[in-house]
Amino acid sequence: MQTTLQITPTGATLGATVTGVHLATLDDAGFAALHAAWLQHALLIFPGQHLSNDQQITFAKRFGAIERIGGGDIVAISNVKADGTVRQHSPAEWDDMMKVIVGNMAWHADSTYMPVMAQGAVFSAEVVPAVGGRTCFADMRAAYDALDEATRALVHQRSARHSLVYSQSKLGHVQQAGSAYIGYGMDTTATPLRPLVKVHPETGRPSLLIGRHAHAIPGMDAAESERFLEGLVDWACQAPRVHAHQWAAGDVVVWDNRCLLHRAEPWDFKLPRVMWHSRLAGRPETEGAALV
């Protein structure tokens, strides 16, 4: 293992910055140390890695299988089109990809709307604005621990449906042929029903499983369910349970999707932001859900 490896907690209930390591040349002992730190902190930040796409994919695969989005192991999350131009920045002119980018500025966990939710993600920055565009992470383990007894008892009794179609509909996104968005998650006919409390399969810690895709709690009417879930997210995603990362080109982060929520922050949409995302596949036996 690299003897210069340093892990520095962020000061929030989650997250640590890792230095003294290059992910492209990480040996098995080094990865074992990082994996243990990942389970402890749930978010690891690696400044200045400057990984190629192939190097990012190789690193991501050390965690297990990759959830293939649009048929690939890595996908651009960007307001820059394939021809190099920046997507329309005016809300009236947003294409579906911009609507997904803006939708992801609400707190969420990845792929909860799929039959098997993701276990995590490797995310890197290629082009970032000087101001804005941070990614924020919220610790749902600590949020669960801080619940009052009545709310804790209630969330243990409840589940919610998760749907990208539902969450994106709030931005007027209706997937159609020729869309700028690849359609991942928008063509799912069966809706996963997930308990509001998820027990981490490796650490055993319970956490809240909520976010923008969650809705329609059985046993509550639509308005009551929405009020309850929105209030729970607003309460949960507060200091000291939140860390915001200001990106620099070359940074890499790895987060545990099984116990964190995340969201992007706005930036001047006239400026380019190019990020690369490799989603770590969950296991059906622990991240699967009943479909309704």
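Cβ coordinates are placed from backbone N, Cα and C, and glycine is handled just like the others.
Marked as Fe cation binding site by Swiss-Prot: HIS108, ASP110, HIS262. What Swiss-Prot lists as 2-oxoglutarate binding site is THR135, TRP247, ARG273, and the listing cites similarity to another entry.
Rounded to a whole number, the distance between the Cα atoms of HIS262 (Fe cation binding site) and ARG273 (2-oxoglutarate binding site) is 17 Å. Sequence-ordered, the extra residues of this chain that approach the 2-oxoglutarate site, with Cβ no more than 8 Å from the Cβ center of THR135, TRP247, ARG273, are ALA125, VAL128, PRO129, GLY133, ARG134, HIS245, ALA264, TRP267, MET275. Sitting within 8 Å of the Cβ centre of HIS108, ASP110, HIS262, and not among those site residues for Fe cation, are the Cβ atoms of ASN104, TRP107, ALA109, GLY211, ASN257, LEU260, LEU261, ARG263. Between the two most distant C-alpha atoms of the annotated 2-oxoglutarate binders (THR135, TRP247, ARG273) there are 12 Å. The 10 Å shell around the Cβ of TRP247 (2-oxoglutarate binding site) contains 23 further Cβ atoms across the protein chains shown. On the backbone, the CA of ASP110 (Fe cation binding site) and the CA of TRP247 (2-oxoglutarate binding site) stand 20 Å apart.
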